[in-house]
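Notes for the one structure printed next.
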Amino acid sequence: MALSMKMRANARVSGRRVAAVAPRVVPFSSASSSVLRSGFALRCLWTSAAWAALASVVEAVKKSVGDLHKADLEGKRVFVRADLNVPLDKATLAITDDTRIRAAVPTLKYLLDNGAKVLLTSHLGRPKGGPEDKYRLTPVVARLSELLGKPVTKVDDCIGPEVEKAVGAMKNGELLLLENCRFYKEEEKNEPEFAKKLAANADLYVNDAFGTAHRAHASTEGVTKFLKPSVAGFLLQKELDYLDGAVSNPKRPFVAIVGGSKVSSKITVIEALMEKCDKIIIGGGMIFTFYKARALKVGSSLVEDDKIELAKKLEEMAKAKGVQLLLPTDVVVADKFDANANTQTVPITAIPDGWMGLDIGPDSVKTFNDALADAKTVVWNGPMGVFEFPQVRQRTVSIANTLAGLTPKGCITIIGGGDSVAAVEQAGVAEKMSHISTGGGASLELLEGKVLPGVAALDEK
């Protein structure tokens, strides 16, 4: 990509992008259009992929909480947006997985150890425009207190006089947990007045909720207009470093593993990864759309008929770019979509009529393991099969074990996506991965090169 840059004197590079779309493509000789960002002018022959890659790199250079020191934090009221959306037992409301709480601890401890008064909020579940007891953050209090080694006080609101009174009574180094911010419909609508109320009792802002960074909500984007500085927490910064680093400057060979049920939900990320990857491994239900595009019989397997031409295009694109696109060579099929269905393993050329594919087979695992053997960077998003069925989740777990073996050999292994994370947890190898992303949708959008509103709104270094 040809690129020329010029900057005004005393101007600094901004991490924000003017628009979420690429400039129009023009011949370089007449490329007079430029994208201005605080005096930073870009002039080039653009492609959508080049634009996405540049946007992703620029966006990631944000001020972090680690750039703030005791003098900046002591006595200050810090509004922290974390992702405490933990799974709860439906009957007891007990936390069944505290991963997201543990992930928030480094940022919170840093702030508390430096004398800040921490106001912490999050969303939990999907409340329907008002308070619901099953979505209160109350279950978080005991576990968070245990992890921090100090008492955690909670109020039953996130704005208003109750919060103001509680904040007024806080001492340095104390934490106040505010209630679920999605109890107000204004949160997801990013209404300025609500954002102003969230910010009313704070002096500065820290966003450590990568899982919602792709949403422009009041607590992730709106509050930054009222609180300065607005910086990234350690978790958010780690996510950006790993995920953006994997795409913008990967150690090679770079392999992406993309699973899931539908081509339509992963098309953008597959296209973006083709610009960077040496190999792409495809798994999950989407493989049957590729098979049908090859004129193979797929039985009753899930197929997106309107995406068959797209599957052909992706295979052609991979060939043109010299990217090795690997599909399973055998599959586990069932006579019905049920956890207790009859199953058998067959080559992809021999799927019986009336049977549907639910997982990849053992030969496929061997093929994929061979492709991964020399990898130096691996990004994995999405399961290899129907992970919720215990009898057909073993291949996904096998891939998790393979990646765990690569990490000690110097390979950077990055896991993003709910079922991929569940697989490494179930295999007991989570600690052996380089990075496990806390945001499924956010990690996908970052890999696609999209601007994350919650990140773009933060202060640049």
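Keep in mind that glycine also has a Cβ here, set from the backbone N, Cα and C atoms.
According to Swiss-Prot, the features are:
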- 1-60: transit peptide (TRANSIT)
- Ala82, Asp83, Asn85, Arg100, Ser122, His123, Gly125, Arg126, Arg182, His214, Arg215: (2R)-3-phosphoglycerate binding site (BINDING)
- Gly260, Gly284, Phe387: ADP binding site (BINDING)
- Gly260, Gly284, Gly382, Phe387: CDP binding site (BINDING)
- Lys262, Lys266, Gly285, Gly357, Glu388: AMP binding site (BINDING)
- Lys266, Gly285, Gly357, Glu388, Asp419, Ser420: ATP binding site (BINDING)
- Asp419: Mg(2+) binding site (BINDING)
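Using a 10 angstroms CA-CA radius around Lys266 (AMP binding site), the binding-site residues that qualify from Arg182, Gly260, Asp419 are Gly260. Neighbours of Asp419 (ATP binding site) among the binding-site residues Ala82, Gly125, Arg182, Arg215, Gly284, defined as a Cα within 10 Å of its Cα, are absent: none qualifies. For the recorded site, Lys266 (AMP binding site), the DSSP three-state label reads helix. Cβ environment of Asn85 ((2R)-3-phosphoglycerate binding site): Arg100, Ser122, His123, Leu124, Gly125, Gly211 lie under 8 Å away, each six or more residues apart in the same chain. Gly285 (AMP binding site) has Phe387 as its nearest neighbour among the binding-site residues Ala82, Arg182, Arg215, Phe387, Ser420, going by CA to CA distance. Annotation note: Ser122 ((2R)-3-phosphoglycerate binding site) sits in a coil segment as assigned by DSSP.
Among the residues the record lists as binding ADP, namely Gly260, Gly284, Phe387, the two farthest apart have Cα atoms separated by 10 Å. Across the fold, the C-alpha of Ala82 ((2R)-3-phosphoglycerate binding site) and the C-alpha of Gly260 (ADP binding site) stand 27 Å from each other.
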